[in-house]
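Here is the structure we will look at, set down as structure tokens.
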Amino acid sequence: MRITFRDVSYTYMIGSPFEKKALDAVNLTLSSQTFTGVVGSTGSGKSTLMQLINGLLLPTTGQVQNGDFILHRKSKRKYVKQVRRQVGMVFQYPEHQLFGSTVEEDMLFGPKHLGLDIEKSRQRFPDLLELVGLGEEILPYSPFSLSGGQMRRVAIAGVLATHPKVLILDEPAAGLDPAGHRALLDLLRDWHDQHGLTTVLVTHDMEDAARYADEIVVMDEGKPVISGAPTDVFRQADQLAGLGLDVPASVRVSRAMQAAGWEVADTLLEPEALAGVVIDQLSTVRKEG
Amino acid sequence: MLQNIVIGQYVPVTSPLHRLDSRSKLISLLALAVIVFLANEFWSYLALLATVVLFVALSRVPLRFFVKGLFPVFILIVFTFLLHAFFTNEGYVLFSILGFSIYSGGIEQGVFIAIRIGSLVILASLLTLTTKPIDLTDGFEFFLRPFKRFGLPAHEMALMMSISIRLIPTLLLEADRIMKAQAARGADFTKGTMKTRLETMTAFIIPLFVRSFKRAEDMATAMDARGYRGGEGRTKLRVLQWRLQDTIACIVVGGVGVVLAILRDF
Ligand SMILES: Nc1ncnc2c1ncn2[C@@H]1O[C@H](COP(=O)(O)OP(=O)(O)O)[C@@H](O)[C@H]1O
Ligand SMILES: [Mg+2]
């Protein structure tokens, strides 16, 4: 589903002395079936932007279009719920949403409350659990008896259980060790590819944005300031630095290599690919030398 | 959702009242609560009203916050006003309604009582609107300390208060996040059958409890690790400071008391 923001502004606690404009006249389109990375410093409005997509927040002004659904300030509760049926959302620390006495009960929460076919959903649980790296034998256990990593996987399975067309991931890997971090994002990217989803990943890790996203949107002070393919976005390293943002290590390395007169195309982003180039060039240098 | 809840009532602006020590404000409020009852005729009520207006102006807190504080007692004020208006038989008859004669004395009494209750509420709101909850707790602790010798756990009570106050925003944020996470999974907190509502509430309350206990546990561990051993011999990071302005504030309040005492009818 294509997601379009039209002149969207959002102000928290409007009319109080704590009033805070979090988004300021945002115009942005996220194309259907792309994996978009949203980056930006803390407080730049990333989470607010995400919550507007499924109507957890309704825009103060402007409208958010989600496929054929249009959300605005006065959207009705029932209508918003229809939108939520299309959109799955994984928050930071998704394991905090677990409540059921069994994993199964917890995973059924979404399908039940969004009015999906319970039996059909239940039949998919074993596959879902396998996808997130767990087994179906876990279904009768209490989610609170699991380890932190397992709890997070269960929570994510609980979100995927509604088979959303749009998946919003707001720093889903926060607090995981590097291996768990990679494994989690790998599986979410695989799920995205297999099901042709429209996915938005909020992250402040530029390596993640480079590795997983097809498109990158850079937020600053409530506005998208740079967007485009990762290669194009990361070419603007100076501008990013001005926003307090880094570029991935592989980009820094290839820039340094270019500056030193090496032949490196500036489209490289995968560290592995870059390492290949370095090895190639080193062996040429050795042969010639 | 929870985004519009203002934590405590403190309004962060700068004003002479905000700068005062919480202790002088506590003392003043206590004194004013007595002084309010001194007023008993036109000029003393006028002086009281002028004092309240002056303090409100000094606080630089937008008026709508006082209105919000007054709202819950609005019914009470109206009710007492009517009671006095209908049942006081002093002065001359103004008009008759529903078989009751409304006397001028009744209206007068009604207005006076309304001013009295309104002033009390506004003065009390002034304290919480201009004082950070944490300073308020420190002030309370200061005044509770003498009662320690009678076994009152003053330090622990103040610590409990300040931890609660400190954790309210954190818990609200947590509650907001959990609510949103479940809402994103289709939970509807306002509509639905009894059974679905019950499940929705469970899906909200259980995670909130789990998180609160986890936080309490973490906090206890952190306090242990830092060698917390209770109030004995502890010094404070933020020390309350009684300055000239605090003495002046107390004198002003005393002055108001004297003026009202002189103006009142004996
Ligand atoms: N519930 C809230 N109430 C008030 N202000 C908020 C709330 N949530 C976020 N904000 C403010 O809105 C701005 C954007 O926040 P957010 O969207 O969470 O940014 P990000 O996710 O990029 O860190 C910040 O300045 C933040 O302080
Ligand atoms: Mg955020």
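Cβ coordinates come from backbone N, Cα and C, glycine included.
Here is what TrEMBL says about this protein:
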TRANSMEM  B:29-58  transmembrane segment
TRANSMEM  B:70-98  transmembrane segment
TRANSMEM  B:110-130  transmembrane segment
TRANSMEM  B:244-263  transmembrane segment
Winner by Cβ pairs under 8 Å against the transmembrane segment (B:244-263), considering only B:29-58, B:70-98, B:110-130: B:29-58
Outside the transmembrane segment (B:70-98), six or more residues from its ends: residues with CB under 8 Å to it: 104-111, 113-114, 117-118, 121-122, 125
Same-chain residues near the transmembrane segment (B:29-58), Cβ under 8 Å, at least 6 residues beyond its ends: 15-17, 66, 112, 115-116, 118-120, 122-124, 126-127, 250, 253-254, 256-257, 259-261, 263-265
